[in-house]
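What follows is a single structure, written as structure tokens, with notes after it.
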Amino acid sequence: MSTKNWIIILLATTYTCLGTSFNQPKFSSCAKWNDAATTFADQNCIGQQPTDIFINRHDNIFVTERQNDQILIWYKQSSFYNKTIVANFTNSWGLFATENNDIYIDNGFHKSAVDRWLQNGSVIESVMEVASSCTGLFVDIVKSLYCSSSESHTIYKLDHNSSALRPRVIAGTGCSGPVMNMLDHPHGIFVDKDFRLYVADSRNNRIQRFDRDEANGITIAGFGAEVIFILDRPTDVVLDGDDHMFIVDSGNHRIIRSISGGFECLFGCSHTPGIAPDQLNEPYAMAFDSNGNIFVTDVRNHRIQKFDLIQNECVQSTMTPLPTQCSHYTLITDSTRNINSARTTVACDRQGPMTDSGSWFRFSGDAGTILVNYTVPIHRCETDATGWFNGTFPSETGTTSSRTVCYHWGNNICNWSNGVAVTKCSDFYVFFLVAPPVCSLRYCTV
């Protein structure tokens, strides 16, 4: 056997043995979290400025607390933090913890470096030179270190076998901009097992993916993506065990995830900041624990919120008959109603097929399958004011939920609204729809 073949086998073996220090649970399409969060830590514990959060596979939780320039650590999700790291760092943003609880800490503001706190030795050492703060840090499966520099609009990488402290630029040009090789104030980053880099490109209102050794990114969510889904200053992106994205959409005060064919909102879906258990106010980062629960740094509310996973299986009962509307509905397959259809003429649902008394409809084919459940730009779906479903769809077969459709016009994403109902019928949904309040308004689908 040649030396080259031996090298290939060795590399394959090494990559198989390497693991991650963080949790990547797998979720079904029916996964559901309690949208009324519990407060894991409030400002009496974490001060005014909690930013990044990291949870390792042992469910130890690490948080940057910028008000008092410290790192707080909870072992095994204990009710109160067990350890405080106070060292020579100031205004730290990003952090990342390894399997043995070593911690990489942003110290760009104070001494232009990324520091590493060694659990065994309880010492701080500089491991990377940076020009500014790292608003996101990541360590990939071969222990290369990444820094997201919001101020310089770039992503840096220090290869695991580097003998120097100076990293190289792998994304961004150093100037802010919206083209494919540029970034604008990037924040959270994630690197998958194939070394694809995901970036929360905050002020470009998008998520960018940079394939290995590629300078040009691909927009996979937000402004410019193939599937339209409006983001407002996203600050974090995390992948689950099936490579589905979870995005902290900070400006919209919500958490969303990618699903087959699009996206869905999980928490904070009213777009309105607040202090209620189902609300967020400029969340910054998120992490999974080993059970699939989601922890979020809710920055403006000065707290860490925990959203418990309450369902992760698709269970269908054959004993309960389906409601009548699951077999008696009007089928719509019109492609112009889809959100990817730009306006060429102006249609209005007050002119049909909807009526003031309402009836049941099912969407299929080129129209899509559901009412779009996120804000759609105006002048889409062959209309002026675009209608979007403001809420979540029922997850249990045979159940019906009452919800609201908002119509986006001008700067108001809910300029008009009306009530609707939705029923889950085995593997599809039907919607009870009435004529919109005025023209030209139309229900949009995806």
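Glycine too: its Cβ is placed from the backbone N, Cα and C atoms.
Predicted automatically and left uncurated, TrEMBL annotations should be read as such.
It should be emphasised that the depicted structure is a prediction, and the values quoted were computed from it without experimental measurement.
For reference, TrEMBL has these:
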SIGNAL    1-19  signal peptide
REPEAT    183-213  repeat 'NHL'
REPEAT    271-310  repeat 'NHL'
DOMAIN    377-445  domain 'UMOD/GP2/OIT3-like D8C'
Using a Cβ-Cβ cut-off of under 8 Å, list the residues of the same chain that are 6+ residues beyond the ends of the repeat 'NHL' (271-310) and lie near it.
22-25, 27, 31-43, 46-55, 57-59, 61, 63, 77, 187-188, 235-236, 238, 240, 246, 248, 250-255, 375, 413
Tally of helix, strand and coil residues over the repeat 'NHL' (183-213) according to DSSP?
3 helix, 17 strand, 11 coil
Can you work out the mean pLDDT of the predicted model over the repeat 'NHL' (271-310)?
96
As a quick check of your reading of DSSP, tell me how many residues in the domain 'UMOD/GP2/OIT3-like D8C' (377-445) are helical, how many are strand and how many are coil.
0 helix, 41 strand, 28 coil
